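Features of the protein shown, as given by Swiss-Prot:
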{"type": "BINDING", "residues": "Lys14, Gly16, Lys17, Thr18, Ser19, Ser59, Asn118, Lys119, Asp121, Ala149, Lys150", "note": "GTP 1 binding site"}
{"type": "BINDING", "residues": "Thr18, Pro35, Asp57", "note": "Mg(2+) 1 binding site"}
{"type": "BINDING", "residues": "Asp197, Asp199, Asp201, Glu208", "note": "Ca(2+) 1 binding site"}
{"type": "BINDING", "residues": "Asp317, Asp319, Asp321, Ala323, Glu328", "note": "Ca(2+) 2 binding site"}
{"type": "BINDING", "residues": "Arg427, Cys429, Gly430, Lys431, Ser432, Gly433, Lys447, Lys529, Asp531, Thr559, Cys560", "note": "GTP 2 binding site"}
{"type": "BINDING", "residues": "Arg427", "note": "Mg(2+) 2 binding site"}
{"type": "DOMAIN", "residues": "2-168", "note": "domain 'Miro 1'"}
{"type": "DOMAIN", "residues": "184-219", "note": "domain 'EF-hand 1'"}
{"type": "DOMAIN", "residues": "304-339", "note": "domain 'EF-hand 2'"}
{"type": "DOMAIN", "residues": "416-580", "note": "domain 'Miro 2'"}
{"type": "TRANSMEM", "residues": "594-616", "note": "transmembrane segment"}
Amino acid sequence: MRKDVRILLVGEPKVGKTSLIMSLVSEEFPDEVPPRAEEITIPADVTPERVPTHIVDYSEAEQSDEQLYQEITKANVICIVYSVNNKKSIEKVTSHWIPLINERTDKDSRVPLILVGNKSDLVEHSSMETILPIMNQYSEIETCVECSAKNLKNISELFYYAQKAVLHPTGPLYSPEEKEMKPSCIKALTRIFKISDLDNDGILNDNELNFFQRTCFNIPLAPQALEDVKNVVRKNMTDGVKDNGLTLKGFLFLHTLFIQRGRHETTWTVLRRFGYDDDLELTQEYLFPLFKIPPDCTTELNHNAYLFLQSVFDKHDKDRDCALSPDELKDLFKVFPYMPWGPDVNNTVCTNEQGWITYQGYLSQWTLTTYLDVQRCLEYLGYLGYSIIQEQESQAAAITVTRNKRIDLQKKQTQRSVFRCNVLGARGCGKSGFLQAFLGRNLVRQKRIREDHKSYYAISTTYVYGQEKYLLLHEVLPDVEFLSEADLACDVVCLVYDISNPRSFEYCAKVYKKHFMDSKTPCVIIAAKSDLHEARQYYSLSPLDFCRKHKLHPPQLFTCNTTEAPSKDLYTKLTTMAMYPHMTQADLKNSTFWLRASVGATVFAVLGFAMYKALLKQR
């Protein structure tokens, strides 16, 4: 909403523009009226809308045309004043003033106009019969007011309507010609309805209506008031109320009624509470709240954010199969202006046999977005109405900023839940297969993935000492010389080589020696395609001898050419190394250590899924 309002009064000489301003300020008719009143500012605390208001007078005798044009450009609303007892001044409204104003303003952003019939004390009849056709002809005219500066009739109302025309304009909401709401308004209110429909049954029940009422107006509706609202809808349409709740059609009808009855402020209050600006676009302040991330820190969703996202999933998982079908996913994202997840997401997270994103995959994708692009995560949470449903100041309340990694190293412990593993290796060595295996896909399933749907990320959960952690794998394109800082910034590194290709290991050795030999980032050598015949590597040292020389863990055998889903043990090891980068190689080689780290991983995974299924049944 605007921080102030600038009102300009124009019209023919002697129609009473200056008298109107002076009567408002002094609350009495002036004995002497100057040719033009100085600009006055009404403080916010004495205006109904609590917004500072500047009132500007125009005098043809004292100002040039250029000065008039400048004032028209600066004005938020223009009052065209005519005298109800002067037919010529009424004619000038359409023959001179409206065309002049429209010439000086953009067609797509017309300044709202108020027609003001002054000197109503001098006539017994109304000018409305003459004015109404003009109002119907020009959609930029918000309203018409008849008043009298002499007896103070409708003076304060005039300036209130002028304020209202700026702060709660009709133009973006409603088409007088069509007598219906504009598409952009319907779209915004439909999103608001879907967010407020907490159980996604297409109806706002009494609890949801009361939550909506408290959210927008800070007061609940009494039971009788709720019934009165629904009765108004019932009397005007057959499908506005269903199962004693308000349907989308009924919700839209109510707002149409508010607008038609001059209660624009009601609809605008709702729109602004849900983040919309005067052009019915979500504001940048709403979508992207101020959020700073110190160096060497990462971003994660907190517990309340996960609970919210779980409720969104549950709301749209209609068949309760713990996965989102394409239709369910499309329905979930109807509150977005675009589809945020492409087909690559299905190859980034866990899916079921039908290729649908599972409950775990859904949470994983949100975790990935938060980690890699927190601003986009804030935007997405804004579309879902996080701050409104969770009653928070902004989406920033959903994000936890982890402490500096150097502090974690010093203290030899971390509170982080998301760890990044960059996967490097020569072209064709099996990096993509390594990522997809983490999602439970063997070689047969991987061959079904289209090249244009490929993802360079994979994220899922692992369990270390009974704690659920997210491991984010990122496949880095092969380029020894020009690896970027982003390619090197991670918690653990996987150097993958193809044991059947004699030239594959050389790339891993070069990357390690150039970029990681002197770093504190843990590294693991992965001997991929271990189901194939092992070829001797064309390098001065064998992979095993290379690892011994550089005090690395021996090469880890890996294959995704299995009948069942590939084992996740290796990924648990990677997560553990990322969590405990200070551990010595002797510790990491200790089989008892790995046993303790991975114990219960399968049990915890199964238990977590079973608990979610049980919760669904309870609901």
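Including glycine, each Cβ sits where the backbone N, Cα and C put it.
Quantities reported herein were computed from a predicted structural model and do not represent experimental measurements.
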Residue among the binding-site residues Asp121, Asp317, Asp531 whose Cβ has the most other Cβ atoms within 10 Å: Asp317
Tally of residues which DSSP labels helix, strand or coil - the domain 'EF-hand 1' (184-219): 25 helix, 2 strand, 9 coil
Filtered by Cβ under 8 Å and at least 6 apart in sequence, the residues in the chain of Gly430 (GTP 2 binding site) near it are Val496, Asp498, Ile526, Ala528, Lys529, Phe558, Cys560
Can you give me the residues near the recorded Mg(2+) 1 site, meaning same chain, not Thr18, Pro35, Asp57 themselves, Cβ no more than 8 Å from the center of the site's Cβ atoms? Lys17, Ile21, Val33, Pro34, Arg36, Ala37, Tyr58, Ser59, Glu62
Between the binding-site residues Asp197, Asp319, Asp321, where is the Cβ count within 10 Å the lowest? Asp319
Closest of Thr18, Ser19, Asp57, Asn118, Asp197 to Asp317 (Ca(2+) 2 binding site), Cα positions, binding-site residues only: Asp197
The domain 'EF-hand 2' (304-339): which same-chain residues, six or more beyond its ends, come within Cβ distance under 8 Å? 191, 194-195, 198-200, 351-352, 354, 356-359, 362-363, 366, 380-381, 383-386, 389-390, 397-399, 609, 612-613, 616, 619
What does the DSSP secondary structure composition of the domain 'EF-hand 2' (304-339) look like, as residue counts for helix, strand and coil? 23 helix, 2 strand, 11 coil
Express the distance between the Cα positions of Asp121 (GTP 1 binding site) and Lys447 (GTP 2 binding site) as a whole number of Å. 86
So Glu208 (Ca(2+) 1 binding site), by the Cβ count within 10 Å over all chains shown, scores 18
Using DSSP and collapsing to three states, where does Arg427 (GTP 2 binding site) fall: helix, strand or coil? coil
Looking at the binding-site residues listed here (Lys17, Pro35, Asp57, Asp201, Arg427), whose Cα lies nearest to that of Ala323 (Ca(2+) 2 binding site)? Asp201
